[in-house]
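The following features are taken from TrEMBL:
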COMPBIAS  124-139  compositional bias 'Basic and acidic residues'
DOMAIN    461-574  domain 'PGG'
REGION    123-142  region 'Disordered'
REPEAT    136-164  repeat 'ANK'
REPEAT    177-201  repeat 'ANK'
REPEAT    212-244  repeat 'ANK'
REPEAT    246-278  repeat 'ANK'
REPEAT    280-312  repeat 'ANK'
REPEAT    314-336  repeat 'ANK'
REPEAT    348-381  repeat 'ANK'
TRANSMEM  39-62  transmembrane segment
TRANSMEM  466-490  transmembrane segment
TRANSMEM  510-534  transmembrane segment
TRANSMEM  555-575  transmembrane segment
TRANSMEM  581-606  transmembrane segment
Amino acid sequence: MESQTKQRGYFVEFLRKSYLEPLGLKVPFRQNLLGFLDFSIWILWIHLSFGLSIEVQVLLLCQNKHSRDFYVIMEKQSSFRSPTMEKQQSFRGGVMEKQKSFRGLMEKQKSFRIAMERQISFGGERKRSKDSPGKRGDSPLHLAARAGNMGKVKEIFQKFENINNGIKDLLSNKNQEGETPLYVAAENGHASIVGEFLKHSDVDTASIAANNGFDPFHVAVKQGHIDVLKELLRFFPNLVMTTDSTNSTALHTAAAQGHIDVVNLLLDTDSNLAKIAKNNGKTVLHTAARMGHLEAVKSLLNKDPNIGSWTDRKGQTALHMAVKGQNVEIVRELIKPDPSVLGLEDNKGNTALHIAIKKGRTQIVQCLLTAEGIDVNATNSAGETPLDIAEKLETPEIAAILREVGAIHSKDHGKPHSAAKQLKQTVSDIKHDVQSQLQQSRQTGFRVRKIAKKVKKLHIEGLNNAINSATVVAVLIATVAFAAIFTVPGQYVEEKEEGASLGQAHIAKSAAFIIFFLFDSFALFISLAVVVVQTSVVVIEQKAKKQLMFVINKLMWSACLFISISFISLTYIVVGSQERWLAIYATVIGGTIMLTTIGSMCYCVIRHRLEDKRMRNIRKNSTLSRSFSMSMASDPEMYSERYKRMYAV
């Protein structure tokens, strides 16, 4: 990528220094590199090929968009028009004949340019038509209002001014989102368009709400368009008192958004707005304090300092709301008009100090403790002092601050608590402990289930590997058993003899060969049976897969035992009667190894079966499945019995 960039830079420098600068063209190629390349290549190619003048070159190359944009930049330079044209005079003498021959080409280029302009115009119209009813279902008046196009608005009004209620119907028309043209203009802050609409509207039209519940006045407040609000209030001052379904006024919206200019405008229009509460009892001061808008809080308190003591349905004041946030200055402003607000309690008996400690607001706690008249040992309905809450929530920094100002626990309080408060405190402590234990139990159960899921996955993978390995071993045993019958020692009968047939083994009548033949056949057909089962049966359930593995393993044990007997019996023929001790040695070694291995595996299988039976009895005797599952999660011995690292099937 770097090499390509360097090559492009060298090419640009070559064109600029070798060709364009001698013509007097000062090219701002750093501003429009793509246009510069197109522009330079076109000039170079046309000039060298046909010797056309700079005017013809420009006309031809401007069919390209990047070159056309670049030409606009170059045309602003004086060096492009005068010095360049003068230097071009030297080229004209030799190329006049070529220019005449290209007049036809000029006419074609002119028609091509017209076609291109029409195409661009068509593309623009098509783009505009895509916007017109569009996804929102906007009418032409909606589009004009959204774009702030006053000329288009007046043009539409002129078409409907002679129709009875025509303009009013246009202004009442909604798009798919329930927005009127007035709503669209107010939302986008086009005050002049709003004023024009209001000349033809009544208060009902101006109050039409969209699907989101906002009317033009409220949406202008939300967006903070002060000029639009002034226009609306100039025509219909009563809009300031409109409310939504939650009884929220426009002042609530302005305070929530922090638009201080809008807040001041609405308060100047009607100061009683500050006293209107929503359905939940919260005033505008509650909203501004909770959202942390200091200037809005100051403006509201300047209009009516008494609203600081107003409470909502939870019994909380604006100070209760402010301490939930992190703006210390708002807390100070709320305390200034009436410090007694510090002692006001909500429905649960919590003061602002209790709430601040519960939220962990250290700076606000310090601010409250510096105020005069603060009771650092006030108790709530649960009998908790601020220090009790700080220690219960494990906030040592706040607890240390409280101790420095003399805070104490409720049990050390001089005033004896009533029996009801003590009982409530006890219930609260028990509830807290139970919730903590339940949370720990849920976390432990989640971890146990996660571990069990991983162990189960490993268990299934182990079963699958064992089954696949059994298939491979079965194929190997079948191959060995099949080949062994055709490679017996002593060769075969090649000539017809009495008492023997052609192809018969010379040792066919010996007892050792008969034993070899029988057990080799058993090993062959048992292995083939395992292969048939493995290639025919598909098992999904884990329990069924274990049962299948149990059967296959026992068959494979038998096949291994039979192929071992076949080998030992064949050794008695191979070594002969003179070296019979070698065959006996092979019998002892092979028998010891095979019997010990199979015996150990049988012991493991029997032990696993007994343990599994014991687990089933425990589950059967358990009366509550939930208590059993909890004991399983908490008893590591039982858990380890259920999922062994290794067991025999």
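Glycine too: its Cβ is placed from the backbone N, Cα and C atoms.
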- Item | Outside the transmembrane segment (466-490), six or more residues from its ends: residues with CB under 8 Å to it | 505-507, 513, 516-517, 520-521, 523-524, 527-528, 530-531, 534-535, 545, 548-549, 552-553, 556, 559-560, 563, 566, 570, 573-574, 649
- Task: Can you check how the pLDDT averages out over the repeat 'ANK' (246-278)?
- Result: 91
- Query: Same chain, outside the repeat 'ANK' (314-336) by at least 6, Cβ under 8 Å from its Cβ: which residues?
  - Reply: 281-283, 285-286, 288-292, 294, 297-298, 301, 307-308, 342, 344-348, 350, 352-353, 355-356, 359, 361, 363-364, 367-368, 371
- Tertiary contacts of the repeat 'ANK' (280-312), defined by C-beta under 8 angstroms and 6+ residue spacing from its ends, are 246, 249, 251-252, 254-256, 258, 260, 263-264, 267, 271, 273-274, 318-319, 321-322, 324-327, 329-330, 333-334, 336-338, 340-341, 344, 346
